[in-house]
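Participant: One structure, as structure tokens, below. Some questions next.
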Amino acid sequence: MPDAARTPAPDAPPRADGRVVAVRGGIVDAAFPGEGPRIDDLLMAGEVPLQVMSFVDGGAARCIALAPVHGLGLGTPVRNTGGPVAVPVGEAVLGRMLDVFGTPLDGGPPPDAADHRSIHRAPPPLSDRVLRAKVLETGIKAIDLLAPIERGGKTGLFGGAGVGKTVLLSELIHNTVEHHHGVSLFCGIGERSREAEELWREMGEAGVRDRMVMLFGQMNESPGVRFLVGKSALTMAEWFRDDREQDVLLLIDNIFRYVQAGSEVSGLMGRMPSRVGYQPTLATELATLQERIASTRKGAITSIQAVYVPADDFTDPAAAHIFSHLSASVVLSRKRASEGLYPAVDPLASSSVMLTPNVVGQRHYDIARAVRRTLAEYEDLRDIIAMLGIEELSAHDRAVVARARRLERFLTQPFATVTAATGEGGKLVPLEATLAGCEAILGQTTFPRPESDYYMIGALPWTEEAA
Ligand SMILES: Nc1ncnc2c1ncn2[C@@H]1O[C@H](COP(=O)(O)OP(=O)(O)OP(=O)(O)O)[C@@H](O)[C@H]1O
């Protein structure tokens, strides 16, 4: 059924009222005397919005509550709005902080939007999609060198708890939103509300709020809200792409929380869990969202998604499924974070489909490979060093270690978003300076400068002697 037909007309005749017949946690069953609602319809049980998820034996609609269910009881009247959850779309949402329904969280009036659209939409057909193979430069050395972000593609920032995903995402927003021609959309799913408020303030201070929309369904919200807020954000992004033919930068913190909300919903619905306790529908649920994040002839949606990795286990089914949708993966490592090597990008585990000679050029490709090789050799030597000491290494291996340790430090970088904590200003490094710096270190055979000189700097401030 086309989406337009599913969007409720404001003057649609009210459908027959139903009644609540069961309430279990966030799940509500509603029975209707005559023609009942359809899947995805939005119902109102008193003040509590419900979305129809399935039908139980006997015909009652099984719904997920999109607000706390306090006050609901058996017999509470249920009204069918006649359409699915719909959000305001258009210029009116720019500069606003909204929730899953497009209701303001910023204290302002509701967005004055001419149009509302269903949040359940099909992805664009394959024939409309385009591949651009262009890189989005971020000014972050480790990312631009080893896992270049694709314009119009999807990038994941993977990491366990507290390794710096949110900090890295904020820095990427800081570095890219200002230069991005088009609009930016930030979608917060299941994270802390405090971080949301900080980001809102920072965006105001940076003066980019009027080109940005922020949507939040944070950790204090019901699983239904966290499950749907990503779709609300995409519906708004699609309007800018399709109706305005603009490029959109879509930032999601944290896509794992979407999977987790789906798993909570599934559990509440009484579905049997699958691998590692996840919902049996994990792959389809993730695909419904990820497939919509697509670039078409009209405009590109570039998305950067933070991905929480439970217990640092990268084989976790949620992490593995998310990974399969991405064109670039920036993996953050706990070991690097513990050594203070921020951003804690793991140079060997991070990757991007952009890192080929055809896209980034032969020189960049060769330097990235040489950096990886040097760091991999150092990894292999670490055990020997731990057991026998560095003195036992050959002169060649000792030079590899010296180069690798300087490269590791050169790939750290002070961030503008953690200035207050570190006492330093942020440093944006052009790709050319990153390449030149790595090339210089790779070419070194003597090492007159101590490793610490390379730590938390921007571009190399001196000319390296390649003697
Ligand atoms: N680039 C950085 N420079 C300096 N410190 C950093 C950097 N990245 C992270 N940190 C430190 O690590 C802490 C945790 O970072 P952050 O909140 O981004 O982690 P996270 O992976 O998003 O965690 P969570 O999963 O709990 O949301 C920060 O408060 C900061 O102290």
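For all residues, glycine too, the Cβ spot is worked out from N, Cα and C.
Any TrEMBL annotation is an automated prediction that lacks curation.
The ATP binding site annotation in TrEMBL covers Gly159, Gly160, Ala161, Gly162, Val163, Gly164, Lys165, Thr166. Annotated domain 'AAA+ ATPase' per TrEMBL: 151-336, in sequence order.
Can you tell me where each of these features sits in the structure?
Facilitator: For Ala161 (ATP binding site), applying a Cβ distance below 8 Å and a minimum sequence separation of six or more within one chain yields Tyr308. Ala161 (ATP binding site) falls within neither a helix nor a strand when secondary structure is assigned with DSSP, and so counts as coil.
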Participant: Sort Thr166 (ATP binding site) into helix, strand or coil using the DSSP assignment.
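Facilitator: In three-state terms, Thr166 (ATP binding site) counts as helix.
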Participant: If you count, for each of the binding-site residues Gly159, Gly160, Gly162, Gly164, the other Cβ atoms lying within 10 Å of its Cβ, which residue has the minimum?
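Facilitator: If we count Cβ atoms within 10 Å for the binding-site residues Gly159, Gly160, Gly162, Gly164, the smallest count is at Gly162.
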Participant: If you count CB neighbours within 10 Å, which one among the binding-site residues Val163, Lys165, Thr166 has the smallest count?
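Facilitator: So among Val163, Lys165, Thr166, the binding-site residues given, the one with the fewest Cβ atoms within 10 Å is Thr166.
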Participant: Over the domain 'AAA+ ATPase' (151-336), work out the mean pLDDT and round it to an integer.
Facilitator: 91
Participant: Given the ATP site residues Gly159, Gly160, Ala161, Gly162, Val163, Gly164, Lys165, Thr166, which other residues of that chain have a Cβ within 8 Å of the mean position of their Cβ atoms, reported in sequence order?
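Facilitator: The answer, listed by sequence position, is Tyr308, Leu332, Ala337.
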